[in-house]
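J.: Okay, handing you the structure first.
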Amino acid sequence: MSGKAQQQSRIKELITRGREQGYLTYAEVNDHLPEDISDPEQVEDIIRMINDMGINVFESAPDADALLLAEADTDEAAAEEAAAALAAVETDIRRTTDPVRMYMREMGTVELLTREGEIEIAKRIEEGIREVMGAIAHFPGTVDYILGEYDRVNRGCRLSDVLSGYIDPDDNIAAPTEEVPIPGTKAAAAKEEADDDEEESEGGDDEEEPKAALTRSSQPSVSVRYPSSFSDHQGPEEKRSYPQGKRRALQALADLFMPIKLVPKQFEVLVERVRDALNRLRQQERAIMQLCVRDARMPRADFLRMFPSNETDQTWSGDLAKRNTKWAAALGEKDAAIVACQQKLIDLETETGLTVAEIKEINRRMSIGEAKARRAKKEMVEANLRLVISIAKKYTNRGLQFLDLIQEGNIGLMKAVDKFEYRRGYKFSTYATWWIRQAITRSIADQARTIRIPVHMIETINKLNRISRQMLQEMGREPTPEELGERMEMPEDKIRKVLKIAKEPISMETPIGDDEDSHLGDFIEDSTMQSPIYVATVESLKEATRDVLSGLTAREAKVLRMRFGIDMNTDHTLEEVGKQFDVTRERIRQIEAKAWRKLRHPTRSEHLRSFLDE
């Protein structure tokens, strides 16, 4: 009997006993569980499943009164079904310890998309981006920024640095369900309640030429009249007094701005301006809450109830300090600091031309649009993870682990989702395949080698190898560097450099021979080390030299030692030796010549002559 069948038989026996007795004890459950299940959480999951079958698990055997409440059921089919389910759960519990299996299993639960499903998700991505654009269009300076970029294009800058396309309003795109209201209006307040659930649920193309798109977005009917009729940098008080016509013009600007598809760099610049304003606002609000709640001991609930709509009312803290509350006196001491923070909020309102509520509303609308686009992109990515697996399998054994190939392919998949244009008519998988292959091959070229080689050099090496194989088939032998250079139209020196770079490094621990006791590093010569023969020869020469010098007089031996630096740090000139002996340099030369004549005598020279041959 196989291990799995035996395991299922034991579980079936356990469940049958539980149904006959009406209960099980923890000891009985523990005796019947497989030995490899020891995690307390896994045991709790199994006991919970047994309880779901109607079998109670007790610390010890219950009394007779408790057993009367349980109905014994020994249905064989029910026991087998329960045992199979429990065995499957146990197998699943063990399987979840492997992150790769978890990834594969969760990936398999997502259904593949049809062409219509891809279009629907792509439209949701566009709709989310349109909502973001519509929200930031109401932020002061946004339209001015776009018109400034349009002027740069007219002066010769590349349009592709500003726009990536234009969403045709006449196309069958699912338009936003409602217009994006102007922040601060009643319509915006009403829509805020309707979108609360949308925001909380998120934790976190045949296109026209861009030139025509930007020209359309800067129609004279709005953009030319825009600076003169009302300023994008007016203060909040002036904006609250807008006549209805100017409000419609502002909405028209937002409507024109929404279809524009900016390049990511330009899009991020505009979004970052809104985020920066909100971060400055939040920073001051947190400082005020810290002063009130932490320092003045004001209840947090009271602060959250009283502070909204009083962000820029500099009399707010003073009025609260006059109340008869436990924290009023402490709040009065912090009044100056609170007013200073409120003054910074007033300065922010003056700088942006928006009230605090309007800044929050613009950011809320922008966050909702980003959440919609992010969710749609996530669905598109998850539905195509299997495509990455199928492509990554073709690039195994090229220097990167399979999981690394999958991760690099997923990066390419996410880029494909960002750049997919469903209006061109092809399926997403057709388009994404090239992005995934590009990401995987680039990562292999960039990371697979121990010594990194630039990607352009990798491409040259691959081309060289391909042509070398072709020439090998044509000529029946390996081509020479000269022949390769002629075929590739490259200098011979560069061909030799490429061939040298193309060599793969090997480990010094590579086994050599059948016994594998020796390694490649054992056979590599260390050029910095002296050979034993050379060291022995030098030592013998030193000993022979000392013996020969010992046959001279002490004065002659010392002169020769000083002249040639024997047993000294350096040699000496005749002048230096003469000063040592307090004689002239000529006398030292005579002593040296006499010592040389003695050394040339055959009885002494024969000891040193043998070293000349070595």
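Here the Cβ of each residue, glycine as well, is placed from N, Cα and C on the backbone.
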J.: Of 8-61, 548-601, which range does Swiss-Prot call region 'Sigma-70 factor domain-4'?
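T.: Within the set 8-61, 548-601, Swiss-Prot attaches region 'Sigma-70 factor domain-4' to 548-601.
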J.: Please identify the range among 404-407, 436-439, 456-459 that Swiss-Prot labels motif 'Interaction with polymerase core subunit RpoC'.
T.: 404-407
J.: Count the residues of the region 'Sigma-70 factor domain-2' (380-450) that DSSP assigns to helix (H, G, I), to strand (E, B) and to coil, and report the three numbers in that order.
T.: 56 helix, 0 strand, 15 coil
J.: In the predicted model, what is the mean pLDDT computed over the region 'Sigma-70 factor domain-3' (459-535)?
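T.: A mean pLDDT of 86 is what the model gives the region 'Sigma-70 factor domain-3' (459-535).
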J.: DSSP says what for the DNA-binding region (574-593): how many helix, strand, coil residues?
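T.: Computed counts for the DNA-binding region (574-593) are 17 helix, 0 strand, 3 coil.
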J.: Near the motif 'Interaction with polymerase core subunit RpoC' (404-407), which residues from the same chain, at least 6 beyond its ends, have a CB less than 8 A from one of its CBs?
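T.: Residues 388-389, 392, 395-396, 440, 443-444, 447.
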